[in-house]
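Enquirer: So TrEMBL says this about it:
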COMPBIAS  282-306  compositional bias 'Basic and acidic residues'
DOMAIN    656-695  domain 'Mechanosensitive ion channel transmembrane helices 2/3'
DOMAIN    697-760  domain 'Mechanosensitive ion channel MscS'
REGION    280-306  region 'Disordered'
TRANSMEM  173-192  transmembrane segment
TRANSMEM  320-346  transmembrane segment
TRANSMEM  358-378  transmembrane segment
TRANSMEM  398-419  transmembrane segment
TRANSMEM  431-451  transmembrane segment
TRANSMEM  472-497  transmembrane segment
TRANSMEM  509-531  transmembrane segment
TRANSMEM  563-584  transmembrane segment
TRANSMEM  604-626  transmembrane segment
TRANSMEM  647-666  transmembrane segment
TRANSMEM  672-692  transmembrane segment
Amino acid sequence: MRNGHQVPLNSAPRFSLPQGLIRLMHRSRSSILCIPLIAVLLQMAAPVQAQSESSHLSGDVSRQDARRAVEVLEDEGRRADVLATLRVIAGDAAVAPAADDTEGEPAPAEAPVAAEPEPVITPLEEGGLIARMLGQVGRWADGLGQQVGQVKDALLELPAWFDSIFRSQAERALLVDALIALAVVFVLGLLVEWALRRLLRRPCLALQEHARQVEERARVAEVVEGSLPGQQQTGQIDAERAAVAAATQPEQPGVALVQTIRDGVERVEAIPINAPEQNVAEPDRSAVAEPAPTERKAKAKARRDGRVSEHRGALRHLPFALGIFLLDLLPLALFFCVAALVMHLYPSLDERAREAAGVFILAYLFTRLSMAVVRLLISPSGYGLRVFRLSGETSRLLNHWALYFVALAAFGIAVADALQTLGGGAAGRTAILKFVSLLAHLMIVMLIFRLRRPVRDAIAPKAGSSGPLATLRHWAAQIWAIAAAVFVMGMWVVWALGVENGFPRLIEFIGVTGGIVVLGRLAAVLLLGALERGFVGGPSDESDAAQAANGMRSRLAEQLYPLVRWLMSVLIAVCVLVALFQAWGFDAIGWFAAGTIGRSLASAAITIVVAVILALVVWQLTNAVLERRIARWSESGELMRAARLRTLLPMLRTGLMIVILLIVGMTALSEIGINTTPLLAGASIIGVALGFGSQKLVQDFITGIFLLMENAMQVGDWVTVAGVSGTVENLSIRTVRLRAGDGSLHIVPFSSVSTVNNTNRGIGNAAVRISVGYDTDIDQAIAELKKIGAELRADPAFADLIIDDLAVWGVDSVDGSMVTLAGQMRCVDKGRWGVQREFNRRIFEHFRELGIQIADPRERFMMAQEPMA
């Protein structure tokens, strides 16, 4: 508020020079040269009013301004002009405030007169968006103007600086001393460095040749043994699993394996199931659809093998790359020693000349060290670490452009620092830095356009791809070069026009970012390579038995390796991002301090990851143990036990999966702050409701589990359950399928099974029961039965099926028409019916040959004929 009127925003009081001072300045040119001195005096006399105006007039007081002020004060006439100017300023300044005060007080005579009100200017709302935007634009414009003005003043002062150097004998001697020191350092240092590099050339070539031979041997070993060292073990495991599947599962769909006995010999026959309902085209569809997942698995395996081979190759290259890197640094270290010795033995060298020469020496050392690191990472010879997977041509291109960029930046900064050290001033240093930074950014833009096509091909989607992602990648491939060039130049504008020491900070920013990324990549190569070596291992010279014993462990490691590798990659990426944010100025480490949200999130994430890893380990170990057990039973010939366990396997996996998901899910929900008590209560209620609603289903499952675990029946057994008999054709978790003798199929749920009558459980007694007439000699009949039993047991076709000799128990029953003899022959369960049928056939033949009468159960009446009278 001034004089009753509102003042718009950003309207500061303006300082105007008194009219007398302006007239005096027109008359005397010396006053113009003394503006910096006048400004300093004004600041001392009136710090409150003239602070902003004096700084606006003087800007930055340089050494040249100070020298001019000294010349004015030493000249009598010019000093008098300055004193006169100061007296005029003092007189006008004393009058101005009084005038302002007089104007501020209204005249009493004019008080009753109603003056016409001036139009009120409505200012922008203080703190509003438009006001802030206009203020920011104004500050940007002021900063741009100041930067341009500084550059212009620096460029105008450079000729005067060069002129003063060549006119002043001391400055000229200082420059000559610095140049002589640089010449001596670089001549001696480069000569010694060349000599040492010449001596180390043969060891470097021998190291490269040895690395090439190791690489060739490794490639030959990979071709011979497969892309992965554990491929042989994996092939053995796959063969075992295929053998087990072939022994316990039918070869074709719609066919059941049934164990039968024909002529006393056990057989496994394939019986069609639901033949009329089968679709003839179904096998063809499966045959066509099967290669798709197989092809995807092959591609995924090829990509995984490629990554494994890459990390393994990096580990092989690491010793040779580090050796070559150290040999490359030895000549540079010798150059540094020579430079330090020369600078120390140069007694007459001024401190400023020593500092100016030192910045050039440091620039050379930085350039050489940077190029050694670049060659280590993207070595065109192919024996470096190759952090970035590049071709040889691209590596050579980046190597050359990296040399140009690093040399330009290092020696440009050295020139700017030397110029300031030798008296050029901060403005001259700033101008040179901005010019060098502009050249460096233009060089980056040129490199971007040189790499336009390779990067475009890498970004572009594959031929024939469609969808939003493919469209986005195609668009990015077309415009990436222009966008990158605009970004680079915009970054130069921001740094050069808005930040003090912009180019050195920019170089530091790029170097720190690149160093963190490179260290992250090296950590990934080392950790992932060690992880791959620990899981997959190298070529093994163990015997076939040892390899078969370690097969399951190798398969378990192969299944867990992708997940552990992914977790390790995520951990490395998170660490690199935290380090980058910390280097960029964010307090990234503070995000994870005690009591912060980041600390809580990190703790929850670690707990969940550990729970998931433990769950996966339990899952894989359980599957490995079960599959190993199936394979062992299959190898020992216990195919039915293997089939039974294979039947239980889906149910066991489902139950284990449910338990693991519940534990991991509850752990995750608890860690992120969700109360799991209501969830557990709700799950309990739902479980009780489902239990009451599905009692029969649950009973089927539970009964089936116990029947299968107790080995009550197997596929191929002849059983009687729930009043029906037949051969067990299929066993599931809930039902059993029986094939009756007439071919009908019975599906019996386990809940209705109360008793199981299984005739295939080790022993099957062949019953012998024969009835003879009253006239038969009982002792002779028993003797013939034992003789037939001995002959049958001596027969090779039935010898393996009979356990013991025939046991004749004697006369079992006597009635009015026959005498019954009973006995039995102990046989295996699979040979009972065959032995019994063969025994009955032989009884019939022997008794007919010997004339032993077999009783006829039919009643016959004999009527005698009387002679006719």
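Start at 1 and count along the chain as shown; that gives each residue its number.
For all residues, glycine too, the Cβ spot is worked out from N, Cα and C.
Automatic prediction, not curation, is the source of TrEMBL annotations.
Just tell me what is around each of these and how deep it sits.
Expert: Long-range neighbours of the transmembrane segment (173-192) within the same chain, counting only residues 6 or more positions beyond its ends whose Cβ lies under 8 Å from a Cβ of the stretch, are 165, 334-335, 338-339, 342-343, 346, 348-350, 352-354, 356-357, 360-361, 364, 418, 422.
Taking Cβ pairs closer than 8 Å, the transmembrane segment (320-346) reaches residues 181, 184-185, 188-190, 192-194, 196-197, 200, 203-204, 207-208, 210-211, 214, 354, 357-358, 361, 364-365, 368-369, 372-373, 375-376, 379, 383-385 in its own chain, all 6 or more past its ends.
Proximity of distant same-chain residues to the transmembrane segment (358-378), defined by a Cβ-Cβ separation under 8 Å and at least 6 residues beyond the stretch ends, is recorded for 182, 185-186, 321, 324-325, 328-329, 332, 335-336, 339, 343, 384-388, 390, 395, 398-399, 402-403, 406-407, 410-411, 413-414, 417-418, 421, 518.
Beyond its flanks by at least six residues, the transmembrane segment (398-419) meets 178, 356, 359-360, 362-364, 366-367, 370-371, 374-375, 378, 380, 390, 428-430, 432-433, 435-437, 439-440, 443-444, 447, 450, 503-504, 507 of its own chain at Cβ-Cβ distances under 8 Å.
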Enquirer: Could you please provide the mean pLDDT value for the domain 'Mechanosensitive ion channel MscS' (697-760)?
Expert: 86
Enquirer: Pull the DSSP breakdown for the domain 'Mechanosensitive ion channel MscS' (697-760) and write it out as helix, strand, coil residue counts.
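Expert: Residue counts in helix, strand and coil order: 16 helix, 25 strand, 23 coil.
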